[in-house]
Amino acid sequence: MGQCSLSSSDNKDTSLQRSVSMVVRNGHGSENSYLVAPYDKGSKMQTLNPNYQNSIMQTTSFTLPSETIGAISMVDRFQVDAFQQSLQKQVSSGKRGFFSKYSTVPPTHEKFTVEEMLCFQKDPIPTSLLKINGNLVRHSVKMFKLILKYMGVDSSGNITPLSLNERIELTAKIYKKVSKRSALHDELFMQILKQTRSIPYRTCLINAWELMFLCASSLSPSKDIEAYVTKYTHDVAHGVNMDPQVQAVASNTLNAFKHSLKVGARQMFPTHEEIEALYTNRKLKTVIYFLNNTYEQIIYDITTTVSDLIMALASSIKLSYYSSFSLFLHRKVGHGSDSMNFCNEEFIRLDDNRYIGDVLEEFKVKTHSKGEILLSKLIFKRRSFTESDEAFADPIFVQLTYIQLQHDYAMGNYPSSRKEAAKLSALQILAEIGFVDDPDSCVHWIPLLERFLPRQVARAMARREWELDILSHYNMMDHLSKDDAKLQFLRILGEFPYGGNSIFFSMQTIVDPLGLLPGRLIVGINERGGEEICLALQTHINDAMIRRNSKAKNVVAEYTQEDVSQASKHQSHDVHENHVQELSKTVQKTLEYASKLLEELHAKEKHEIEMQKELDRLKGSINSEKENIRELIKECNKLKKLFEEKDSTFQTEVMEKQNGETKLAKLQSQLTLSFKNARQEYRPEFSINDEADSGYVINDPQKINELEEDMKICMNELHTSKETLKMLQKEKLLLERKILKLEQQNDAEVSILVKNFEVEELTLKLRVSELERKLESVKESLNIAESTLTVRTAKLDTLCCSLEELEELREIKKDIDRKNEQTAALFKRQGAQISELEALYKEEQILRKKYYNVIEDMKGKIRVFCRLRPLNGKEIAEKESDILIAVDEFTVAHPWKIDRVKEHFYDYVLDQSASQDDVFESTKYLLQSAVDGFNVCIFAYGQAGSGKTFTIYGSEDHPGLVPKASAELFNIMNHDRNKFSFLLKVYMVELYQDTLVDLLLPKNAKRSRLDIKKTQREWFP
């Protein structure tokens, strides 16, 4: 390992180029640099600290960074020359400047190195960093733009902080770019790594490391990039004098890399909730269920796998031994969520290395193809059983094992006898409620019986018998505790020879050309493996082959007849092919002509649309002109109102003037009168003859002053009234002139507008009429084209139908040929087996009859069914009620003594709602025994009016046992007509007063004696 000296990348003191450069000189003379921006606690700006650089510059040597060695080994993955050429093309064309790192000072050396390419830049990259497929380069460039936007830096160096939703949206876009393109995973990591080196902005550096953490949490690099990226992340996370926040994010990123490299990348796109939780350091929660419908809530994040969730769940429930447990995906198809309905459920084991986020995204509620609801949830249960399980005394371990085996037993996966079923049910009840003195009086007794007794087993007996049997076993377990009952339940199921302590899987038939496998197969695997599976399948296949044996010969005969008929069809097939070729040619010509008509139709429709647009535009212009005229009329009305207001004001002023003049005249008259009175008062010595003399003198000064003041007041009022009159006259003249001008101007404008409007209206009407004529002609041609097109379309449809029928015939022919070949091959394979199976068939046929009737005998040679008759019309009219009550399908009860009920037990009880079909179904299988040669007797007995005749004979709408049994008997005979020959004889007798009477005997015939045969014990045979 060589020595490393520290030096600045340039001697000039520029802020954008202050960085620590560790130049590595190896034996080959090449140089590689490892650039990391140090953290400056004292600097307020988000740039690199020059004091820190000077302190580092004093160091003379140190060891070679191992991440540089990783970069040397993967130099061939980078396209340095192509990157430099694309960059120089953009610089020379003026589209961009050089790197932001070299925006002020260009590189001093000529050759462009990987170190220079893997440095921060605030401009988009011209091409990808790695050598990738040409189709992915465009996505790589767009991805780098998203990274720049996420970091919040643009080409001008401005930093724009982003909100949480914006960052989540950008992260989703980046994930979308690389989710379906695995080749971009390495490119993404190298682009983010590039933006974390030599970066002068602290906020952008933190954002870049956050994005690296997000990508490392759900994506994984290739093995070539793995060592380099992880080593670089390790050096940053454990570096000296680094930003603590950057180191914290880098440490999380390193852990995420280790996890993703171990497990792999996510299969599905992370959800918005997962990304938001990762940003806000919030834990998500999910629910893990157990088989008894209890659950536990567990936290997880974007990096949590199934194995991590199992460990967390085991720690939560304090389960020490969990290596045999796994998470299963439980799916249930149906319309409800009834936990006891196990018919359509399945368990799928989840891989331990799968991300829990992918699992939760996959099993959300979906709609089934048949309209049903697919409900899914996570189940925690055991995946295997071993012989050493009994050594673990952990109560949680025992409880979970008990719950699982109890669930499998309730599903019917452990077939058991009557005694075993009663004992297992008693143990489960004891483990549930403990031991009580009077359990049948407990409120939960009936629900516990229905819960812990499998449905398949419960059909074997009446419910009351089960209750008594289980109660007897329960009373004998008074010495057991709840835990002892669970352990004994596990021990009993573990000792089952055919599948104790098993894991059950529902198998699906994928390929079954012979149709011999069952439709649904449940495989149980225990510590002994699956050694009995092949034996069970072989037995099923033998049964299926025996059923098909009877049909094999008939199929061979039909196949030979088809070979003969195929030869006669070849001649007609050639004629049909010629006709088909002619039809195909006609179809092609019709299609060409129809395409031409469609083009013409589209052209005419386009022209019609243009004409309609022109018409709409003309209508719009007419409407605008009408609006202008309305505005002018409104303006004219406003002027008229103003004129009327001014005129009214003028009239009021004139009235005031006239009032002033009259008032002035009154004042003058009063003044003359006052003068006359004064002269008479102050000159009494004069005689009347001297009144004509006007020269007199008033010696009273007070009176003179009053008169002078009155005179002044009157003169002032007269003067003001004259001035007001002059002003009003001037205003009147001005208003009259203005009104005259406005009227003249308005008349001129109105006349001009009216003339223009009339001219435009005339032209528009002419144009509209012309357009309407054109439109009518276009519509007529369009109608003609549409009618022609409909005719051609009808012809085309008929030809297409015939062509489809031809294609269907061809497909049918191919299918028939293929099936014939398969059938011939199948017959060749089965030909050798038929001779062997014939002998086996005869033996199996005998055994089938024997076992069938043995089964019928096991049900009971004499079986008594009880049918309850409903009330008839008379009884309903008398308001009578039923006394007999069907408790269940095996028990009938009626009142006995005071407050007591007496019960009667039968093989089967048909209540009042049972139909004739239900009665026949219960006796239908006895007819097959009769055909096989066994004696069968079906009769009805009871009181008069109890419904015997209706049950046996029935009516036309509701036939009874006799007509239905006759029809079924003839069906059996028709089905087996190729195997056997039948001779049917019918007797109809009547038992009346211990005498048998032959009802089918003719009237005049001799009646023979009919006896009732009895055994020595007085039993009927």
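Just so you know, glycine gets a Cβ as well, placed from its N, Cα and C.
In TrEMBL, annotation is done automatically, which means it is predicted and not curated.
What TrEMBL annotates here:
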type    : residues                                       : note
DOMAIN  : 120-279                                        : domain 'MyTH4'
DOMAIN  : 284-647                                        : domain 'FERM'
COILED  : 608-649                                        : coiled coil
COILED  : 704-826                                        : coiled coil
DOMAIN  : 861-1021                                       : domain 'Kinesin motor'
BINDING : G942, Q943, A944, G945, S946, G947, K948, T949 : ATP binding site
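Taking the features listed in TrEMBL, we show where each one sits on the structure.
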residue : record           : Cβ within 10 Å
G942    : ATP binding site : 12
Q943    : ATP binding site : 7
A944    : ATP binding site : 6
G945    : ATP binding site : 9
S946    : ATP binding site : 14
G947    : ATP binding site : 16
K948    : ATP binding site : 17
T949    : ATP binding site : 12
Centre the Cβ atoms of G942, Q943, A944, G945, S946, G947, K948, T949, go out 8 Å, and tell me which other residues of that chain have a Cβ in range of the ATP site.
R869, A940
